[in-house]
Structure formats: structure tokens, C-alpha cells
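Chemist: Below: one structure in C-alpha cells.
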Amino acid sequence: MKTFGKKVVLIGDGSVGSSYAFAMVTQGVADEFVIIDIAKDKVKADVQDLNHGTVHSPSPVDVKAGEYEDCKDADLVVITAGAPQKPGETRLQLVEKNTKIMKSIVKSVMDSGFDGYFLIAANPVDILTRFVKEYTGLPAERVIGSGTVLDSARLQYLISQELGVAPSSVDASIIGEHGDTELAVWSQANVAGISVYDTLKEQTGSEAKAEEIYVNTRDAAYEIIQAKGSTYYGIALALMRISKAILNNENNVLNVSIQLDGQYGGHKGVYLGVPTLVNQHGAVKIYEMPLSAEEQALFDKSVKTLEDTFDSIKYLLED
């Protein structure tokens, strides 16, 4: 591979993409930030708007409009482009149309001579990330999905509101599909080593509060989409966080979507959100959280759902 740097190419300048661009500029994560979209006037305006704010960025960043040839020397290509999720539509129902869009985009990226890392956010993210990996033949650690990073943040926030602590003080994870079969790993959730599940049960006298928090976490996107059309701030910040871990070689453990190779019950091939070490070499090490028997069964169900869905679009891997 080429010398590692901090050039990022964003493909997709919709609500998620533009919010991600804003987050990257305000955090000063990239040295060069290129935006690609078929809506070229929108890109031109966003580039102008963002560059007007770079004087306030913590480090210099050059924001520009680009084309696919700009991917040739990119360190990180982030794809948010795709058909949006409609009110009442599940992420998995998006699968065929967004896989076709993804195939076209990725072919153009690879034709440029791209030799960096992919970060996928378009939905259904686990399916599309696996598709990109299998279509390109790149090593799994270089094809990463946003996974359940956002879902875990939602869970941490909701728990923090119940317990009166900062969200960053909550150690809790959502794993599995970024979607309806995701699961909260209550057996490991804690604040300062104290079980969140037990604390919630003690405070309320029942197990209902934990279930309520899980459901509100799982269904948050549906509620937001119903009210304002799409979710974008939360996922944009999650993408910035993953990008920062890669570009700054942070060695952070994040619940990205990555390909299993025998972990969590022997599953192989499937992409889904699990705790993974992320640095400048990509998603390099999966951490296996101890799961209860019930949690393992839910995880297995999530795997099957994703496997069955991927089987339905496998034919698109053929040129």
C-alpha cells in the first residue's frame, strides 16, 4: 500500500454525507476532504460553505469537489450514497436497490486505482459492507461498516439518562445487525463495574425498564425518520469517530461491522457489528464478549437473518 496519510473521499452528499463532512471539518480529522455526488451544484455549495468555516477548524483542511479519479490516492473512502429509508421501511427492505447503487460506486472507485480503506454507512450496512468486501476482494480489515457504533451510543445515552451519569461513563454494547435483530449485551453492561441491568431492576422493581431501553434503542431510527425524514447527526458523528480512529491510529475498540472468522459461535463470512480494534491498519482484531445463552441465541438469529438476506443479492456479485 501507499504511504498512509489523511486524505478522505466522501461519496454521497445528502443529509448523512454533509453532516459527516461538517463533523470532520470541525474536528480537524482530515488534511484533504473530497466530496463526490451526482448533485454537483449541491457539492459545490457545500464545499464553499465548509471552506468558509475552516478558519475555525483545529487544524488545516482543504475541502474540495471531486470525481472518482480523486480516489486513486485516498486513504479512506466513505460511502453514504444510497436510496434513503422511507417511513415504515426496514433497512433490509432497501437491500436490492442499494446494492446495485453500491456496486456502481465501488466499481468506479476501484477503477481509479484506489488502495485504501472503505468505510460504509449506506443501509443495510452489514449487507452492503460484505458486498463491497466480496466484490473488491480486499482484505476484510480494509472494508469496514458503521455497524452498531450508533446503536451502542443510543443505548449508552438512554442508560445514562436513567442512571444520572455521563453517557461516556456507561460501558454498554449493541451487537449484531444494525437493524431489527440487533441485541443489547446486558450481561456485560456496567457503570464502574456495576451491572446496569441489576441496577435498573433494583431501581424499578422489574426487568421492564431494560427492555424498554432496548426497544427505544432499536426503534430510534423509525421514530426519527417518521418525524423528520431521516437520521443524520448521530450516524455522522459515529462515522467521524471511526474515521478518527483509523486516520489517527487510535487503537480504539468500536462496534464496527466487520467479517467474522469463527468468532461468536463459529460464524464465518458474515459482516455485523461487534467490538473491534480500529487503527491505521483498519479493523484489525475482533473482541469476543462473553454472552449469556439467551444472548448467543439472539446473536445466532441475527447472523441467520443477515446470511439469508445476503444470499438474495449474491447474484449481483457477477459482472
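Even glycines carry a Cβ here, placed using N, Cα and C.
Look at Swiss-Prot and you will find His178 tagged as active site, proton acceptor, backed by sequence analysis. The NAD(+) binding site annotation in Swiss-Prot covers Val16, Asp37, Lys42, Tyr68, Gly82, Ala83, Ser104, Ala121, Ala122, Asn123, Ser146 and is backed by sequence analysis. Marked as substrate binding site by Swiss-Prot: Gln85, Arg91, Asn123, Pro124, Val125, Asp126, Asp151, Ser152, Ala153, Arg154, Thr231. What Swiss-Prot records for Tyr222 is phosphotyrosine, and it gives sequence analysis as the kind of evidence.
Would you situate these features in the structure and describe their surroundings?
Modeler: The C-beta environment of His178 (active site, proton acceptor), restricted to residues of the same chain at least 6 apart in sequence and closer than 8 Å, consists of Arg91, Asn123, Pro124, Val125, Asp126, Gly145, Ser146, Gly147, Thr148, Leu150, Asp151, Ser257, Leu272, Gly273.
Counting every protein chain shown, the Cβ of Val16 (NAD(+) binding site) has 27 other Cβ atoms within 10 Å.
In three-state terms derived from DSSP, Thr231 (substrate binding site) belongs to neither a helical nor a strand segment and is classed as coil. Annotation for Thr231 (substrate binding site): same-chain Cβ neighbours under 8 Å, separated by at least 6 residues, are Val16, Ala220, Ala221, Ile224, Ile225.
Around the Cβ of Tyr222 (phosphotyrosine), 16 further Cβ atoms fall within 10 Å across all displayed protein chains.
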Chemist: For the NAD(+) binding site, please report the maximum Cα-Cα distance among Val16, Asp37, Lys42, Tyr68, Gly82, Ala83, Ser104, Ala121, Ala122, Asn123, Ser146 in Å.
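Modeler: The widest Cα-Cα gap among those binding residues is 25 Å.
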Chemist: For the binding-site residues Ala122, Val125, Ala153, work out the Cβ neighbour count at 10 Å and name the residue with the minimum.
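Modeler: Lowest Cβ count within 10 Å among the binding-site residues (Ala122, Val125, Ala153) is Ala153.
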Chemist: Considering only the recorded positions Gln85, Ala153, Tyr222, which residue has the minimal Cα-Cα separation from Ala122 (NAD(+) binding site)?
Modeler: Gln85
Chemist: I'm trying to understand the geometry here, so how far is the Cα atom of Ala153 (substrate binding site) from the Cα atom of Tyr222 (phosphotyrosine), in Å to the nearest whole number?
Modeler: 16
Chemist: Going by C-alpha positions, which of the recorded positions (Lys42, Ser104, Tyr222) is nearest Gln85 (substrate binding site)?
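Modeler: The answer is Tyr222.
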